[in-house]
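J.: Got a structure here, written out as structure tokens. Questions coming.
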Amino acid sequence: MQRALPGARQHLGAILASASVVVKALCAAVLFLYLLSFAVDTGCLAVTPGYLFPPNFWIWTLATHGLMEQHVWDVAISLTTVVVAGRLLEPLWGALELLIFFSVVNVSVGLLGAFAYLLTYMASFNLVYLFTVRIHGALGFLGGVLVALKQTMGDCVVLRVPQVRVSVMPMLLLALLLLLRLATLLQSPALASYGFGLLSSWVYLRFYQRHSRGRGDMADHFAFATFFPEILQPVVGLLANLVHSLLVKVKICQKTVKRYDVGAPSSITISLPGTDPQDAERRRQLALKALNERLKRVEDQSIWPSMDDDEEESGAKVDSPLPSDKAPTPPGKGAAPESSLITFEAAPPTL
């Protein structure tokens with residue numbers, strides 16, 4: 001154990017040394033608030049439903065609750081989550097977008113959690129749900145990071161025996177936290193934070209995140225139903241479509257639009273706004289390869305006619321040769337053969 005600690009510290013130090021300013025600042029804030037909790041009461045930094053709403057308006061807790069931890073194992077989870085996000089998501093998004101994602105998820109978790117406990121109080125009239133419950137910690141952001149990893153690298157294998165992919169990690173961890181809650185080993189705010197982190201991060205990444213191709217990610221593998229087992233996906237997909245249609249009618253969400261830009265007869269440009277660039281490029285290459293192979297097979301069949309046709313044509317040429325009505329076309333002056341290959345080009349971004 002003593003030999004492993006220096007190696008772990010050296011590895012962690014190397015990771016932090018190569019991290020961006022955003023990752024370093026978030027890690028430093030988590031450590032500072034944890035050390036501060038030994039000197040003063042940091043309860044005012046967590047979201048308390050009764051104090052977030054009027055007449056108190058503890059609005060600053062929406063920004064601080066995701067950085068506040070009370071146990072050393074919680075600090076380890078927070079630091080690991082931030083470092084993983086910096087290593088895997090920041091190279092794809094950039095430091096600013098990672099900070100925006102962190103802020104959106106944590107503010108959403110604070111608001112949704114406070115509203116949920118407010119509704120629970122209205123149903124039970126138990127003041128514990130207003131003034132005793134404290135929402136804090138990095139479980140909400142952890143849920144958001146897992147959703148983002150499902151979007152970007154869902155096919156990666158985390159465990160080989162049994163085989164567990166990144167795409168199933170969000171719901172697998174939710175089921176584990178639910179079991180811990182049923183066994184009274186986990187408090188309800190932690191489970192609520194993780195659940196609302198999953199939901200808010202998916203909504204942001206699906207509909208609102210800005211990138212070079214527009215907004216959001218409407219890929220099929222990132223649909224809400226794909227978070228659930230296959231047997232439940234048809235029912236969940238139907239309910240999700242109904243909710244989305246309702247949100248479109250009240251103008252909270254935008255209607256999904258797929259734009260097809262046909263530039264010329266020999267060139268077709270297909271633009272699907274809201275898709276991940278890597279996923280879109282992979283789909284284009286697969287479609288192009290399959291289409292070229294099919295066209296090649298058709299051309300081969302037209303080039304090699306049957307033997308009967310060859311015999312009939314040769315017999316006709318020997319028996320009754322006819323002069324050609326048309327003069328042979330000089331090489332280089334005829335029409336160039338039209339290419340049968342279809343290429344995919346990136347369409348200009350929609351304004």
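Quick reminder: no glycine exception, Cβ is built from N, Cα and C everywhere.
According to Swiss-Prot, the protein carries these features:
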- 1-19: topological domain 'Cytoplasmic' (TOPO_DOM)
- 1-205: region 'Mediates homooligomerization' (REGION)
- 20-40: transmembrane segment (TRANSMEM)
- 41-97: topological domain 'Lumenal' (TOPO_DOM)
- 98-118: transmembrane segment (TRANSMEM)
- 119-126: topological domain 'Cytoplasmic' (TOPO_DOM)
- 127-147: transmembrane segment (TRANSMEM)
- 148-165: topological domain 'Lumenal' (TOPO_DOM)
- 166-186: transmembrane segment (TRANSMEM)
- 187-351: topological domain 'Cytoplasmic' (TOPO_DOM)
- 206-229: region 'Mediates localization to the Golgi' (REGION)
- 301-351: region 'Disordered' (REGION)
- Thr329: phosphothreonine (MOD_RES)
J.: Where else in the chain does the transmembrane segment (166-186) make close Cβ contacts, counting only residues six or more beyond its ends and a cut-off under 8 Å?
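T.: Sequence-distant neighbours of the transmembrane segment (166-186): 139, 142-143, 146-147, 149-150, 153-158, 194-195, 198, 221, 226-228.
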J.: Across the topological domain 'Cytoplasmic' (187-351), what is the average pLDDT of the model, as a whole number?
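T.: Mean per-residue confidence for the topological domain 'Cytoplasmic' (187-351): 71 out of 100.
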J.: Restricting to the same chain and to residues at least six past its boundaries, which positions have a Cβ under 8 Å from a Cβ of the topological domain 'Lumenal' (148-165)?
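T.: Distal contacts: 85, 88-89, 92, 101, 172, 201, 205, 217, 219, 221-222, 227, 276, 278.
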J.: DSSP helix, strand and coil counts for the topological domain 'Cytoplasmic' (119-126)?
T.: 6 helix, 0 strand, 2 coil
J.: Can you count helix, strand and coil residues in the region 'Mediates localization to the Golgi' (206-229) using DSSP?
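T.: When I sort the residues of the region 'Mediates localization to the Golgi' (206-229) into the three classes, I find 10 helix, 4 strand, 10 coil.
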J.: Are there residues at least 6 beyond the ends of the topological domain 'Cytoplasmic' (119-126) whose Cβ is under 8 Å from a Cβ of it, and what are they?
T.: 49
